[in-house]
Structures are given as structure tokens and as C-alpha cells.
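Chemist: The structure's right below; bear with me while I get my questions together.
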Amino acid sequence: MSLLITIFLLVFITQLVSWIGQTVLLELAYALYLRLTRSAAFARQQALKSEILATKSELLKTSAQDQFAKWAKLRRSVDKGLADLEKLNSQIASSKSSFSLKFNSAIWILTTGVQFVVGWWYRRQPVFYLPEGWFGPLAWWLAFPFAPAGSVSVGVWQMACKRVVVLGERVVKDLTGESLDYVHVSS
């Protein structure tokens, strides 16, 4: 794959992650992780929740005055279940925090980190050459910092790609926003 397309795809993927949102991707990835690993803690949490709800439902049906012993036993059971659920929730939150750190690191490496590496690795290689005389004395800026004169450097190409992708996003948002406004006005 050519350097030109590789850089464009890297910039596009980075912007796509930005558009979707890292937290949305984190939640999707964590849900998938829980399904694939079949986490025992998550299964226990679900079972404990349903057990607490069933016990609480029975507790609400029991009269505290007429059947005090049964009511007290159910109340202790609900309280114990809630305490166990709190402990389990803190364990799951700790696990999710660890997963979040790893996931965010992976996203950064796969988007921004790869762009830095590609920019550094190909810093002296031109992405493409410009026809002579098109930009006159400003052609050196397009080759900045290390590409040969008369060419476009990786850094400049990354900036141009990002600008085009962000502009494309704005155009799509404006077009969909106007069409949605039209639907709301006409109905």
C-alpha cells in the first residue's frame, strides 16, 4: 500500500475513533470482553441481583407485625445480599478500571502512536512530488522538515488529510442537520 493511502487511512481511523467516542468504544469492548470471557464475577452479580429482587419481593409481601420472625429473616437476607452485591460491584469496577486503562492505551497506540511512528520512520521520504513552480518559494514548507525540496512531507500530508476529513465531517453534519430540520418543519 502506498504511503499516501496509508497515512490517509491512519488519519481517517483516528478521526473515526474520535467521532464514535472513546467511551462508547470502551463500553462496547468491555461488554464484548465480558461475553467472551464469561466472567464469573459478572455472572455472580446477575444471580445475586435476581436473588435480592426475589427476596425483596417476598419481604414486601410479608407483614412485619403478623410474621415478624419471617420478616426479620428476609430483611437480614436482603441486607446481606446488598452488602455482598456492593463488594462484588467494587471488584467489577476495579476490573473495569484495569480494562479501561489497557483499552485506552491500545487505542492511543493504534491511532496516535502509529501516526508518530509512521511520521518518524518516513520523515525523509516524500509522499509525492509537486510539479515544478506550482508553489514557488513556498514549496520548501510543504517538504518541511526533512523531505526533499519540491515534494510533500509526511507531516504536511497528515495535516492536510486531517483537515480534509474534519471538513468532510462538517459537511456531512451540515447536510444531515439541514435535512433533519426540513423534516421537522414540514411535519
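Each residue, glycine too, has its Cβ placed from N, Cα and C.
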Chemist: Are Glu51 and Glu169 on one side of the membrane in Swiss-Prot?
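Modeler: Topo match: yes.
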Chemist: According to Swiss-Prot, which of these ranges is transmembrane segment: 4-23, 64-83?
Modeler: 4-23
Chemist: Among 33-49, 152-168, where does Swiss-Prot put the label transmembrane segment?
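Modeler: Of 33-49, 152-168, Swiss-Prot gives transmembrane segment for 152-168.
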Chemist: Swiss-Prot tags one of 87-107, 108-128 as transmembrane segment - which one?
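Modeler: Matching range for transmembrane segment: 108-128.
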Chemist: Across the topological domain 'Lumenal' (129-151), what are the DSSP residue counts per state (helix, strand, coil)?
Modeler: 7 helix, 2 strand, 14 coil
Chemist: For the coiled coil (72-94), what are the same-chain contacts with Cβ under 8 Å, counting residues 6+ beyond its ends?
Modeler: 41-42, 44-45, 48-49, 51-52, 55-56, 58-59, 62
